[in-house]
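> Sending over a structure as structure tokens; questions will come in a sec.
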Amino acid sequence: MIASIRTASQGRWAITISSVVLLTFFLISILAPWIAPHDPVHVNLAVKLAPPSWEYPLGTDHFGRCTLSRLLYGARVSLGFAFLIFAASLGIGLLIGTLAGYIGGWIDLLLMRFCDGVMAFPNLVLVLGIVGLLGPGLWQVVVALMMVQWVYYARMIRGMVVSMKEQNFITAARMSGSSTGKIIRRHLIPNVLPPIIVMGTLEMGWAIMDISALSFLGLGIQPPTPEWGAMIHEGKAFIRSQPELMIYPGLFILFVVISFNILGESLSERLGVKRRY
Amino acid sequence: MISYLTKRLLAVIPIILFAIFLMFALIRLSPVDPAEAYLAAAHIHPTEEILAEKRQEFGLNESLIMQYVQTVKQIVQLDFGNSYVTNTPVWQEVVTRMPATIQLAVSSILLAVIVSVPLGFLSAVYKNSVIDHFSRFLAYLGASIPQFWLGYILIFVFAVQLDLFPVEGRGSWQHFVLPSITLSLALIAIYTRLLRASVLEELEKVYVTYGRTRGIKEKTIMVKHVLRIAISPMLTGLGMNLGKLLTGTIIVEQVFSWPGFGRFFIEAILNRDIPVIQGYVVLAACLFIVCNLIVDVLQLYMDPRISWKGRTES
């Protein structure tokens, strides 16, 4: 999509900077309880909609909750759940994709037709449909995103496994008596890793966007849990008087997602992963 | 050509059956059964009698296979049932709201094409120039900015601060400006880079060198030959990103209170209006598939090098 030719040093810089930004956000999400100045859900109507001060560095929202603390805790929700979705959908995709590719036959056919079916939907439409039928809520959103995402991993991994199965080193391993489990573990998985890393990095960005979009629509994280999309939703009511309430969380989403995208693109060039979109 | 089209059209059927099946399975798997959801949405106090009556009416007492066959039969006749909330047929609700959404989508696509064709073309011709860097920046921005946030930022700057455009609603052309920009940025990001990549690819081809040695004007080569061929992958991009556009309308309609199909869908989700949810998802899948089919056919016309025959086999 954004694939472009860059010099090696530019690529390295992009990787360094985006990694540093992401590392910072990961640290924030882990250390939130220690670095946040206030309890993010503590309501104090006496100081509602307060301007920035030493006590509240970024001011407060309409419940008098500290905006900075909510932003820092928000990193926890966004990154945490994005990672969970990534890990779970990768796990399912890896299992199904390897099985389909390695065993082949009608099992392969059946599983891949299922993946095609899921891919025939526009992504977020299906996610919304699933959330709509299961009911709004954080876990429903996580399940819905997982149900849609794993097929992409499964398809990709299956394709790589099929093309690799016939290569000589696999035949050699089989001839020297390696078991199926060992061949999958020792030979297939290490070879399919680079594209997974690239796709995973990009998917983290998408997952964060999707989680925040669903929370914004009122279908994901329910108040008072601090989450960036939900904060924008709450802050929009004060667009005339206190626009920063909805500007800050958006900037946080933008920074994190753009870092994941830049890192993903740079890695895909670096690792020589060809992408179709 | 006829046989190609027939084959492609036939291939659509199993996908749509699968879409209906997926929705059907999810409804049965969900913890709330349709009869309860109906009573909750219609604000009727649930008693055992009414529940049993509704279950009978919805055919929930039949076997699962019979229910599925029944659902497919109804959907084929465009009967998605009645909305639990408004009690009017879903299809009718969709038809009345569709024009607003289509207008928004079309104006966004137009805007995206108007911006990204010159931008993508120039950033390929002047590779690594300022314009190329700008388009790369725009591509990252468009791919990473949350659409709902972009919408509010535009409202804040152009409606609240500068008071140039209305905040929400639909009516005059001014109402189109902010939603279309919001929706098209993500598309601009994709199309610009797609066109840039395909123009760069074309510039490597022999015919460009040949044209130059023949002394044909650079401008003629670029516009008449390179751009004409390079634009074809953009069409595929248009089809592939239709899903993005569709989900984009859901969010943008919500931000700008645009009275379209997407907003109706969100309301339905919040109300657990099962027929509407099912109808939306199935129709969205159909739309997605049909548009991709149209794009493929268009592409065959644009680029005669892709043979009808070759396509039929794949």
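Easy rule for this one: first residue shown is 1, then count along the chain.
Note that Cβ sites are derived from N, Cα and C of the backbone, with glycine treated the same way.
Feature list, courtesy of TrEMBL:
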TRANSMEM  A:12-36  transmembrane segment
TRANSMEM  A:79-103  transmembrane segment
DOMAIN    A:79-264  domain 'ABC transmembrane type-1'
TRANSMEM  A:110-131  transmembrane segment
TRANSMEM  A:137-154  transmembrane segment
TRANSMEM  A:188-209  transmembrane segment
TRANSMEM  A:246-267  transmembrane segment
> Flag the pair the transmembrane segment (A:12-36) / the transmembrane segment (A:246-267) as in contact if three or more Cβ pairs fall under 8 Å (sequence separation 6 or more).
yes
> Where, among A:79-103, A:110-131, A:188-209, A:246-267, do we find the most CB pairs under 8 A to the transmembrane segment (A:137-154)?
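The stretch with the most close Cβ contacts to the transmembrane segment (A:137-154) is A:79-103.
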> Would you kindly list the residues that approach the transmembrane segment (A:246-267) from elsewhere in its chain, counting only those six or more residues past its ends and only Cβ-Cβ distances under 8 Å?
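For the transmembrane segment (A:246-267), the nonlocal Cβ contacts are 2-3, 6, 11, 14-15, 17-19, 21-22, 25, 58, 67, 71, 74-75, 78-79, 197-199, 201-202, 204-205, 208-209, 212, 228-229, 231-232, 235-236, 238-239, 273.
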